Amino acid sequence: MVSFNSLLVAVSAATCALAFPFEFHNGTHVFPRQSTPAGTGTNNGYFYSFWTDGGGSVTYNNGPAGEYSVTWSNADNFVAGKGWNPGSAQAISFTANYQPNGNSYLSVYGWSTNPLVEYYILEDFGTYNPAVSLTHKGTLTSDGATYDVYEGTRVNEPSIQGTATFNQYWSIRSSKRSSGTVTTANHFAAWKQLGLPLGTFNYQIVATEGYQSSGSSTVTVNPAGGVTSPIAPTGPSSVSTTPSGPSSSPSPVGTCSALYGQCGGQGWTGPTCCSSGTCKFSNNWYSQCL
């Protein structure tokens, strides 16, 4: 991801064996007993991942079926969610009570291997739009909205294969929403048309993510049916391409940053294009023309 990237550490089934994290009375959910420990595992038929770098307070609980909840306060960085491992080009239904205060994402999030790719279908976010540090590739129309497609590169960053250099693919919805159906096959097909192919699916979750922020999120995930093959036989209703360049609208060369100059980052008010090179994400606060 563009503003914070997470390595979801796989642990053995024995390590992840958990006491059920909810108390029940006459079949009714009363209170969570304790936070689910960080790690990966299965819960009520769904794969889940919970990673935190330990900063601030983050409490994650698995709920019934595809439900989970997470509350965070002054958290440094975390990613949590439920879904599938492996993922697929499926339609995913979700509902969320998503209440971020600061930098946060609500997305369909996953990885592929060969090539190693981290991807986001971003449905809602907090105060930071990651597009400012990404390269715009085109647009697609799916599920009643336009999505802008972006690409980013992470260099020597954590991944599901350890520290690595890999690409990120993003679809960012033009109108935020906290519930609906995401036809992932449309995004995967559009990305391929735009020169952004996925490889073999790894895990795929509806994730809540936070970075130096607070908030709460309760999400229910369900498969909505539809295509489950790695390559969708049908594509989105429309796809358009844009020339390679920064995520913002093109600016005259004279107003773009020079090679090795800053071109993005949270709070950056200067040029977001490069007169030479490409705007590359470095960290949450700094992107550079390289």
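The backbone N, Cα and C atoms fix where each Cβ goes, and this holds for glycine too.
Here the structure is a predicted model, which means the values were calculated and not measured.
DSSP classifies Glu118 (active site, nucleophile) as strand under the three-state reduction. Positions annotated as active site, nucleophile by Swiss-Prot, on the basis of sequence analysis: Glu118.
The secondary structure of Glu209 (active site, proton donor), as reduced to three states from DSSP, is extended strand. Summarising the annotation, Swiss-Prot assigns active site, proton donor to Glu209 and lists sequence analysis as the type of evidence.
Here Swiss-Prot flags 234-248 as compositional bias 'Low complexity'.
Annotation comment: Swiss-Prot describes 34-222 as domain 'GH11'.
Look at Swiss-Prot and you will find 255-290 tagged as domain 'CBM1'.
Residues or ranges marked as N-linked glycosylation site by Swiss-Prot on the basis of sequence analysis: Asn26.
Annotation source Swiss-Prot lists region 'Disordered' at 223-248.
For 1-19, the entry in Swiss-Prot reads signal peptide.
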Have a look around Glu209 (active site, proton donor) and count the other CB atoms within 10 A of its CB, chains all included.
31
Distance check, please: Cα of Glu209 (active site, proton donor) against Cα of Glu118 (active site, nucleophile), rounded to an integer number of angstrom.
14
